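Feature annotation from TrEMBL assigns domain 'SGTA homodimerisation' to 5-69. TrEMBL lists 78-117, 218-252 with the feature region 'Disordered'. The compositional bias 'Low complexity' annotation in TrEMBL covers 81-93, 222-238. Residues or ranges marked as compositional bias 'Basic and acidic residues' by TrEMBL: 100-110. As annotated by TrEMBL, repeat 'TPR' applies to 106-139, 140-173, 174-207. Positions annotated as compositional bias 'Gly residues' by TrEMBL: 239-248.
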Amino acid sequence: MSETQKRLVVSILEFLEASIADGTVGADDKDGIEVAIQCIGEAFGVDASDEATRQRLSVKPATLPSIFDVYMKTKERMKGSQSTSSSAPAPQAERSGPSAEDKAAAEKHKMSGNAKMSGKDYESAIAEYSHAIALDPGNPVYYSNRAAAYSSSGKHDLAVADAEKAIEVDPTFVKAYHRLGHAHYCLEDYESAASAFQKGLDLEPNNASLKNGKENALSRITSKPASSTSAGTSSRGGPSAGGAGGPGFDEVLRSLNETGGPGGMDFASMMQNPAIMNMAQQMMANGGLENLMRNPALNTMMNRLQSGGGMPSMQELMSDPTLRQMAESFGAGRGAGRGGPGPQ
């Protein structure tokens, strides 16, 4: 038995003895209490007749009734305090989320980012969208727009992360699924691209852009093995090296880039577009590029460029069916490379 328990036993014995002495217990019950004192002492191993033990374990000058009285008063005070606090008005919860000022500032950064996108200043656009996100991280539009900027600058892995974050913030935000599908497509993960486009279609079944994205991704899945084989042939000096004494594909692109391209077309930007390069690889795979390299009109154009004669007009180019088809394909590719809807 612990010392604390023994002190409690002694306190009980002292209380019973005091009750006999002060008359709390009547004369008729005195003998019974005295027997109880002896029995309690023996049961708990405390010799009530040993003065040294009693001195060591006694809590005097406190008594058991005084200790109990302190406990009751303390309990009453605690009860009253709890009652007062429960009746008092609860403090207002701290405001969560961005303030109206933060949201307004975020919108300004978004609009500035959109303007930078229009000017093809993608890095500045990314910075503006990042400021908007810092001010209002619960707006999926900002992540979606930054994903578009990342894709436009060729950082498709970061575009995937931002598109997924936009979906996490708002799973019903359809445009984010297009961003995600486009980024996966540019990373040549056509299965994930098709899946992303389909999830967007589940929300908006009539969205033509999502339908086209899914169809393109599925077509790449079925043609991927053949394209990979053909691409390997091309890298070993296949059609891209030129045929029948014609110019090589890289030479054509370099010349177009140096002259600015017919009709002011920005071939430098176009050649950085994964969608257009995918189209060029597909041309290599089916032999179309080899036929193009042998086209007399293209040879004439290259000779004219090398002699300093400049680019032919768009009208001259369009007079040749093969070159007209190539220009139309590149025009379609430019549209596909923008990743669907523009910034919101």
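Placed from the backbone N, Cα and C atoms, the Cβ positions cover glycine too.
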Positions on the same chain near the repeat 'TPR' (140-173), where near means CB under 8 A and six or more residues out: 106, 110, 113-114, 116-117, 120, 122-123, 125-126, 129-130, 132-133, 179-180, 182-184, 186-187, 196, 203, 272, 274, 338-339, 342-344
Overall pLDDT of the repeat 'TPR' (106-139), taken as the mean: 95
Composition by DSSP (helix, strand, coil) of residues within the repeat 'TPR' (106-139): 27 helix, 0 strand, 7 coil
